[in-house]
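*Asks:* Annotations for this protein, taken from TrEMBL, read as follows:
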ACT_SITE  291  active site, proton acceptor
ACT_SITE  378  active site, proton donor
BINDING   132, 133, 134, 261, 262, 263, 264, 265, 266, 558, 559, 560  peptide binding site
BINDING   290, 294, 313  Zn(2+) binding site
DOMAIN    458-602  domain 'Peptidase M1 leukotriene A4 hydrolase/aminopeptidase C-terminal'
């Protein structure tokens with residue numbers, strides 16, 4: 001069995017198959033305290049111990065089938081956490097199961113949890129808690145995507161708050177031990193890897209937006225969110241047509257406070273999303289299509305280790321864009337695909353084209369997955385699948401493969417080699433074509449892919465033409481630009497126009513000042529447009545943009561926006577000191593992972 005370099009667990013010896021979690025959220029102490037009972041099955045004879053992954057957690061007691069069991073923590077690792085070794089009172093025979101119950105308490109410093117003060121929420125009255133377990137768990141477990149388990153949970157929270165999990169809701173009741181608390185129950189009957197375990201506690205309300213969908217948010221945002229994501233059911237139906245039946249029951253959406261570090265997180269039954277998607281015109285809903293797609297690729301078919309993360313993300317971006325194609329047409333799908341290629345160019349420009357983290361399949365020996373994270377597994381992975389689609393006979397033929405792939409590997413965890421073998425067996429009449437693919441470069445070479453797929457340019461041409469006009473304009477040409485330049489462009493095209501300018505050398509300051517005069521980009525609140533516009537201004541050394549860029553970097557904490565804004569501000573001599581000072585002031589209220597990575601970017605954590 002291939003070892004997971006990011007985990008201490010040995011699933012080849014012992015496999016955890018079910019979790020029964022009972023815990024209590026204590027906002028005063030900022031801890032989760034309770035018991036995690038794991039059903040463990042011996043995978044070999046005479047099993048004497050079980051090693052679990054832990055991070056920032058205290059363990060008070062362990063029992064195995066009700067008997068006290070000795071346990072000890074191993075040596076703390078720089079990012080993998082600390083192994084917990086549990087010794088069984090009686091050895092297990094192969095195939096025998098035992099219930100391993102661990103009494104634990106999370107640390108207030110746990111990087112998998114963010115505790116928000118009332119001031120950090122929209123309502124300003126109640127505290128808020130959310131988890132982000134990719135890539136670190138809250139409670140002791142076999143924290144590797146190679147292991148999947150079902151779970152049942154009972155969570156006690158202050159009674160004015162609501163608890164939600166990555167599971168189906170199973171009722172609520174007063175807490176018999178504390179009249180100020182109530183207990184929410186959850187069950188997840190589809191086996192999932194530990195990174196998909198999720199918990200949120202806050203003053204949440206819901207609106208029904210489809211037959212299997214509620215959107216949850218604080219009261220201040222719930223109606224806006226219901227409007228923004230009203231296409232969810234249409235996307236779910238499109239995804240089912242493409243990938244097969246949706247097996248998870250409910251598909252709810254949760255809009256988190258602004259410090260949530262990602263665009264979305266595909267927690268089963270309850271997708272988490274950033275409030276930066278609330279553009280007011282549904283234009284950023286591709287993130288919802290992405291998280292929906294994970295219900296098949298990622299959550300049903302899972303990468304066995306984070307080195308094969310592209311299996312989760314490349315296929316999910318492929319499905320996301322197929323959904324976009326169903327809803328908005330094939331030209332739109334190609335437009336989004338080309339935008340992804342440019343995003344990949346941008347990432348590789350930033351990371352360097354010899355950097356091993358730009359390989360599709362990466363080596364994570366002694367590398368923190370959080371530090372290696374980038375758009376590469378998403379966009380290089382997508383580019384490979386899009387290229388194969390074109391090579392093997394088009395979208396209708398390739399979706400047949402994707403559906404069969406999901407069916408073949410559902411409920412399993414796999415590596416790239418499994419995927420490739422299945423591709424060859426599915427297209428056994430096209431082996432000659434497949435053999436022409438430069439697999440070694442696609443998988444194991446850094447930088448841009450060896451081949452660029454073909455893209456329909458219809459929707460891109462206007463973006464390219466306008467960006468070229470600005471790039472080639474002399475001072476004397478600036479009068480020729482006017483607000484009419486944008487009148488036929490969608491918000492997606494504006495994003496692409498700005499993205500194209502960001503791939504070039506910085507524009508002269510006079511150009512971005514004129515751009516503001518004629519297009520008034522400062523007035524646009526769409527987060528994707530504003531982010532690229534402010535980066536453009538800072539790169540052209542426009543000092544007036546410094547406060548606006550700092551505000552965007554700190555008003556929300558989505559790393560896609562916050563990290564590049566801080567990096568650009570740090571590179572500009574006029575804003576470097578202010579960027580560092582602002583980061584240090586906001587650090588305590590940032591998500592722990594964001595704070596760690598921005599700290600590295602700004603050379604504060606050498």
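Yeah, the Cβs are placed from backbone N, Cα and C, and that goes for glycine too.
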*Asks:* Sort out the sequence-distant neighbours of residue 266 (peptide binding site) for me: same chain, 6+ apart, CB within less than 8 Å of its CB, listed by position.
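*Replies:* When sequence neighbours closer than 6 are ignored, residue 266 (peptide binding site) has 196, 290, 291, 294, 295, 298, 299, 316 within Cβ distance under 8 Å.
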*Asks:* Mind giving me a neighbour count for residue 134 (peptide binding site)? Other Cβ atoms within 10 Å of its Cβ, every protein chain shown.
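*Replies:* A count of 26.
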*Asks:* Whole-number Å only: compute the distance from the Cα of residue 378 (active site, proton donor) to the Cα of residue 262 (peptide binding site).
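*Replies:* So the alpha carbons of residue 378 (active site, proton donor) and residue 262 (peptide binding site) sit roughly 14 Å from each other.
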*Asks:* What is the interatomic distance between the Cα atoms of residue 132 (peptide binding site) and residue 313 (Zn(2+) binding site), given in whole Å?
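*Replies:* If we compare the Cα positions of residue 132 (peptide binding site) and residue 313 (Zn(2+) binding site), the gap is 17 Å.
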*Asks:* For the peptide site made of 132, 133, 134, 261, 262, 263, 264, 265, 266, 558, 559, 560, how many Å separate the two farthest Cα atoms?
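*Replies:* 18 Å is the greatest Cα spacing among the residues binding peptide.
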*Asks:* Other than 290, 294, 313 themselves, what residues in this chain have Cβ atoms within 8 Å of the centroid of the Zn(2+) site's Cβ atoms?
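*Replies:* Apart from the listed residues, the neighbours are 266, 291, 293, 297, 298, 312, 315, 316, 317, 319, 320, 378.
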*Asks:* Counting across all protein chains present, how many other Cβ atoms fall within 10 Å of the Cβ of residue 291 (active site, proton acceptor)?
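*Replies:* Result for residue 291 (active site, proton acceptor): 26 neighbouring Cβ atoms inside 10 Å.
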*Asks:* How many Å separate the Cα atoms of residue 559 (peptide binding site) and residue 313 (Zn(2+) binding site)?
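*Replies:* It is 17 Å, counting Cα to Cα.
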*Asks:* By a simple count, how many Cβ atoms lie within 10 Å of the Cβ of residue 294 (Zn(2+) binding site), its own Cβ left out?
*Replies:* 25
*Asks:* Specify the count of other C-beta atoms within 10 Å of the C-beta of the residue listed as 'active site, proton donor'.
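*Replies:* Result for the residue listed as 'active site, proton donor': 23 neighbouring Cβ atoms inside 10 Å.
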*Asks:* May I ask for the distance between residue 262 (peptide binding site) and residue 313 (Zn(2+) binding site), taken between their Cα atoms and rounded to an integer number of Å?
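*Replies:* That separation, Cα to Cα, works out to 14 Å.
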*Asks:* Quick one: DSSP breakdown of the domain 'Peptidase M1 leukotriene A4 hydrolase/aminopeptidase C-terminal' (458-602) into helix, strand and coil?
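*Replies:* The counts are 112 helix, 0 strand, 33 coil.
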*Asks:* Taking the Cβ of residue 264 (peptide binding site) as reference, which residues of that chain separated by at least 6 in sequence fall under 8 Å from it?
*Replies:* 271, 272, 273, 274, 277, 287, 288, 290, 291
